[in-house]
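Residues or ranges marked as domain 'FecR protein' by TrEMBL: 142-233. Residues or ranges marked as domain 'Protein FecR C-terminal' by TrEMBL: 282-349. If you look up TrEMBL, you'll see 102-123 marked as transmembrane segment.
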Amino acid sequence: MHYKDYTVEDFIQDEYFQQWVSSPNEALNQYWDSFLRHYPQQAARVAEARQFLEAMNFKRPVSDAYIENMRFDMNRRIDELEQNTTSASITPAATTPRRRRILYCAAAASILLAAAVFGYRTWMPAGISLATSHAWNEQRSLKGEKVQITLGDGTTVWLNGESTLRYANDFAHQDLREVYLEGEAFFDVAENKHKPFIVHTSDIAIRVLGTAFNVKSYLNDKSVETTLVRGKVSIANQNTPSREPVTLLPNQQATFSKKSQALTLAKAVNTEKYTAWREGWIVFDDLPFSDIKATLERWYNVSIDVQSEHFGSCTFSGKFQNKSLEEILAIFQNTASITYRLEGNRVLITGGSCEE
């Protein structure tokens with residue numbers, strides 16, 4: 001299982017996570033900071049698991065060999081963040097008496113930790129202040145689905161397909177109202193001058209008081225788009241906090257390039273084009289078909305295979321409301337000379353011309 005899918009209990013039992021909590025070093029900090037930048041939706045679980053281990057004053061005995069192995073493995077994991085590995089396997093026949101004693105210690109530590117995890121959801125020692133066991137909410141939308149959420153402070157959020165929003169149960173009562181987004185969402189934020197509202201994505205943090213704006217931040221996209229409808233927002237680069245934030249005014253859009261780490265400001269945009277998805281509209285303006293393809297896949301829960309690389313770079317403009325996938329494909333068939341075939345949740349597109 002990858003860390004992005006871990007529960008709080010999984011983090012508590014993971015030896016690399018334990019080592020980071022008990023004996024942090026530069027390599028460990030680099031790895032976990034990188035992980036949280038890539039998967040901000042896991043920040044709440046990481047914080048809760050870390051708080052639990054710290055409350056236990058968690059320490060575990062480790063050998064020099066273990067530390068050396070961990071250092072080697074951690075360097076590899078930093079370079080391959082997406083790869084989830086387990087501890088190196090140990091062959092019993094090659095185990096020395098000293099190593100065996102270490103394994104016994106490690107096994108005993110694992111047993112004690114398992115007992116602690118078992119009690120994690122049901123019991124806490126007196127005097128330890130820890131967040132409630134279900135301290136965080138997670139709202140998800142599937143491909144082809146849209147979800148409307150009302151938060152505890154009165155803020156309304158619309159999630160577009162294949163998106164996730166995480167927030168604390170009591171976030172409205174905290175000094176900062178913080179949420180974590182992966183995917184696309186429109187926020188109509190309830191005004192509270194004393195409690196800023198912050199949207200975290202994998203790359204940027206958007207800070208507001210009371211406003212309405214759209215954020216598009218899918219992991220596989222090359223950029224993150226923030227479009228302001230009303231109010232005022234400040235956008236900061238989460239990977240380079242020292243850079244000056246960019247301020248958006250109504251009808252402006254900021255685009256963050258994941259490759260260059262640069263924020264670009266567009267001072268006059270048609271916000272309806274970027275927010276109409278809430279009303280069932282698909283809008284694209286001079287977009288390459290490769291981008292349109294990604295939108296159609298999310299809206300209709302399909303996989304689209306375009307045989308012609310040339311057609312993927314063809315640009316189109318269009319506006320559809322509550323159309324079926326076949327209706328949209330038929331329009332492309334008539335205007336761009338494509339041939340398509342539907343096979344369950346897969347669409348095969350051949351041919352195609354850039355000339356209308």
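Cβ coordinates come from backbone N, Cα and C, glycine included.
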Fill in the blank from the handout: DSSP composition of the domain 'FecR protein' (142-233), residue counts helix/strand/coil, works out to 3 helix, 50 strand, 39 coil
Handout entry: Residue distribution over DSSP helix, strand and coil in the domain 'Protein FecR C-terminal' (282-349)
Key = 28 helix, 28 strand, 12 coil
Problem - Averaged pLDDT score, the domain 'FecR protein' (142-233) - result: 92
